[in-house]
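Trainee: One structure, pasted below without further comment.
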Amino acid sequence: MEEMAWEGILRWLYAFQVLACALVLYSSRAFVIRKAAAGGVAMEKTAATIAAPRRVTSSSAFIVFQRAFLTVFLLASMADGLQQVYGEALYQSYALKRRDIALLLAVGHATSLPLGTFLGASADTIGRKRMCMLYCFLQVLAFFAKQMNNFKVLCFAHVCLGLSAALYFSAFEAWMTTEHEKMGFRHEWLNETFWMMSLGMGIVAIGSGALANFLVEWEGVGARAPSFAAAVVSTVCFLIIKSTWVENVRVRHISLSRPISNAFQALQEKGVALLGWAQACFDLAVAIFWLLWIPTLVADGREVQSGLIYTCLMASRMLGSSIAALLQCGPLNTPPGAFLPYIFLVAAGSLFLPAYDYQEIGVLLACFCVFHICVGIIWPSLAHLRSIYIPNDRRAAVLSLFRVPVHGAILFIIVRGELFLSLENSTIFTLAIVGLLSAAACIHMIIQTKHSTSQENGLWKVLTRIVTSTFKDMSSTVQRLCLHKFY
């Protein structure tokens, strides 16, 4: 009886979240339409008869470009989601133990740490379109490898997934922002694309889960079906990219260290480095949440409707993305730096009770929903800040460096927590809380960066220049050793 009551509550919660999301989006879009209409009337009164059609054409071209990119990006997101759904069930059908599954996850993050960083960074020199196509190819390759009940082959599958994850977080955004600038669209229009990306990721996550459930239960296909669907979606995505996208990289460098050194040069700017730490802490907190949310809910041995709870969490993210649209593109028109520190503080506070082993499921669900509302607000807001502080010609490399602390921390958590069982869940949650608090401090410091003294900026540049020089020397040495061994 209690389980049925909770199921009803979750369904009503989901309906309320979707309705609230629709209302917020409607308010934001209505304001944008009224503003555009007022702008059109003003242009007519100022006799801008030639500029008006040009503006309409530019806006129409942007909508076409935006929809084309979102189609590809959301297909890539669906492929990534389908690879993760029922992954543990598939490995359990192979009679793998939990320790073996944790080791596979560790292999993926260990691959992303060095190789994924270089691969993602090379998108700025080899080609962003090519790297997006490589993402699709790696997803298909991972599907074939996951069909074999062999641990070494499964390790290879997670190598492919680790490399594809590095490209997912770098190459797609780098291509979009560069092409956006190349086509001469207004910079503020990026805000709309970013919050629509975040909103679409929530919708796709719900759809991927529903599709995976249907495929698994359809005529007893089993846990392999979602990976097959991911391969099909990746193939479609590959064909769309190949036929409709253009390559927007002009210069191609052969040097192995050049993209990373360019990224370190960008990090000499204090604002970029602070933004990178905030981004890494945010990504780490989200990754920690997905590692621990089910163990936290079932800690006392109770059974929960994980599918419905997951749907409510994604609806919370959609609501947060809609709020971000209202804040940045709606009547409020608030810059991200004005509200992001407070959102980070709320996100950190929402994980406080789960960190200290609180067992009331209603309170835990409320905390998780608040956390994901914050995720929906933070994701497009950080993307907006990235579009301001990171140069497009080295965006993929900088984004790849931002992911290095995330992969290192998750690898440490998996090894110590899952393999050696020496980390408590409360300790891991505390790490996420501390990261979110430090992210709030970083965003606040970014706001104050313009008022900092030239002496402070000079000291920061000296320190980052030393790190850049050291890394460049190490990369050149590795490259010479690799070439010597090859020849």
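Start at 1 and count along the chain as shown; that gives each residue its number.
For all residues, glycine too, the Cβ spot is worked out from N, Cα and C.
Sharing the feature lines straight out of TrEMBL:
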TRANSMEM  12-32  transmembrane segment
TRANSMEM  61-81  transmembrane segment
TRANSMEM  101-120  transmembrane segment
TRANSMEM  154-172  transmembrane segment
TRANSMEM  193-216  transmembrane segment
TRANSMEM  272-295  transmembrane segment
TRANSMEM  307-327  transmembrane segment
TRANSMEM  339-356  transmembrane segment
TRANSMEM  362-385  transmembrane segment
TRANSMEM  397-415  transmembrane segment
TRANSMEM  427-447  transmembrane segment
Trainee: In terms of Cβ proximity under 8 Å, which residues at least six beyond the ends of the transmembrane segment (339-356) contact it?
Mentor: 278, 282, 285, 289, 292, 296, 327, 363-364, 367-368, 370-371, 374-375, 377-378, 381-382, 385, 426, 429-430, 432-433, 436-437, 439-441, 443-444
Trainee: Considering only Cβ pairs under 8 Å, which range in 101-120, 193-216, 272-295, 362-385, 397-415 makes the most contacts with the transmembrane segment (154-172)?
Mentor: 101-120
Trainee: Is the transmembrane segment (362-385) in contact with the transmembrane segment (101-120), using at least 3 Cβ pairs under 8 Å (sequence separation of 6 or more) as the test?
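Mentor: Touching, no - the transmembrane segment (101-120) and the transmembrane segment (362-385) miss the threshold of 3 or more Cβ pairs under 8 Å.
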Trainee: Relative to the transmembrane segment (307-327), which of 193-216, 272-295, 362-385, 397-415 accounts for the most Cβ pairs at distances under 8 Å?
Mentor: 362-385
Trainee: Sequence gap of 6 or more, Cβ distance under 8 Å, 3 or more pairs: do the transmembrane segment (397-415) and the transmembrane segment (193-216) meet that?
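Mentor: Per Cβ check, the transmembrane segment (397-415) does not touch the transmembrane segment (193-216).
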